[in-house]
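As recorded in Swiss-Prot, the features of this protein are as follows:
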DOMAIN    60-165  domain 'THUMP'
BINDING   Met183, Leu184, His208, Phe209, Arg265, Gly287, Gln296  ATP binding site
Amino acid sequence: MKYDHILVRFGEISTKGKNRKKFIEKLRQHIRFVLKDFVALKYASDRDRITIMLNGEDPEPISEQLKGVFGIQSFSLAVKCETNLDAIKEAALTAVQEVYEQGNTFKVSTKRSYKQFELDSNEMNREIGGHVLRNTENLTVNVKQPDVHLRIEIREQATYITFKDVKGAGGLPVGSSGRAMLMLSGGFDSPVAGYQAMKRGIQIEAVHFFSPPYTSERAKQKVIDLTECLAAYGGEIKLHIVPFTKIQELIHKQVPENYTMTSTRRMMLKIADKIREKRDALAIITGESLGQVASQTLESMYAINHVTNTPIIRPLIAVDKNDIIDEARRIGTYETSIQPFEDCCTIFTPPSPKTKPKLEKVERYESFADFEPMLDEAVEQIETIIVKNEKKAADEFADLF
């Protein structure tokens, strides 16, 4: 079947009222970015969809790319024809004859957006259905479960013929809900949290804490690889790598062992907040799941959160670990997360961390040392990497040989 258009339908954008144009433009920009390698494509948008003109490009790889774009409810490969009865009948017959097999059943569904068209939807179904039946051998009607579902959308400027809707990623276009900092470790949780935040329209920048020589370059590369996985869904992502060794060493020197985990998380959150302020972001995202580990009890989160008034977004707070792992598999981060390279969250883990730390105690322990200059120094020494999804380009290069 030689399709010449793709019809892209919005998800929740349709409910956004006065901000609708902004959301549609964000989605259009992201679609253009994702499909930038397909140079012949042209785009048009209106109130309820974006139309992609293929101009000879292969629709299959384009469809695969569109499936991961947040803000798309569904899309359809389409054939365009003129909005007159004879042209529609001819295009519908040609389309059915290209896709059907001997003995198939079919059904016609018409959506008539152009109300001045000469026939209504039911009349069109009968007219087109009869024309197709008369001119196609061994084809019968089945309105409940057809093998071929011919869909006709009549608009004033053009009519589009499609056969199926492809489910999109849903959610909101990346960037339409503002920017936030993702505290990214090498585990399962934080990449999934980042994915969920992007699905709600947040443009993420990742913050990773790196503690050489206790953590290796391979652990750092693991986080870069995880960021690359996420970039497949949100375009390029800035990854801020924070030197954290001196701060961790001071924590373990000054803070009682069972409070070191709490203090470490507080310092991380302080640094993430300083970066957030520099980057004009509005929130911090974490992969915390209630009760999963000692630092994720309500008491721990209360003591840790006390260092900032910035909103903390926790997409996974009520999600079970097994469900998080299943989601990691689905979005493609699982195989990277299982690599056995320790990050700074695991190398200094005490044998019996406090599950119900007291805020006044951790504040008193931290007062024994002046952490603030070290936090500022860490922020100044950040290494920032712009991460793109290079896997697609590498796969395309490999296909040449």
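Glycine too: its Cβ is placed from the backbone N, Cα and C atoms.
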Practice prompt. Determine the Cβ neighbour count for Met183 (ATP binding site): the number of other Cβ atoms within 10 Å of its Cβ.
Written response: 23
Worksheet item: Mean pLDDT over the domain 'THUMP' (60-165): what is the value?
Response: 95
Fill in: Cβ-Cβ neighbours of Gly287 (ATP binding site) (radius 10 Å)
25
Fill in: Fewest other Cβ within 10 angstroms of its own Cβ, chosen from the binding-site residues Leu184, His208, Phe209, Arg265, Gln296
Gln296
Worksheet item: With DSSP, how much of the domain 'THUMP' (60-165) is helix, how much strand and how much coil, in residues?
Response: 36 helix, 31 strand, 39 coil
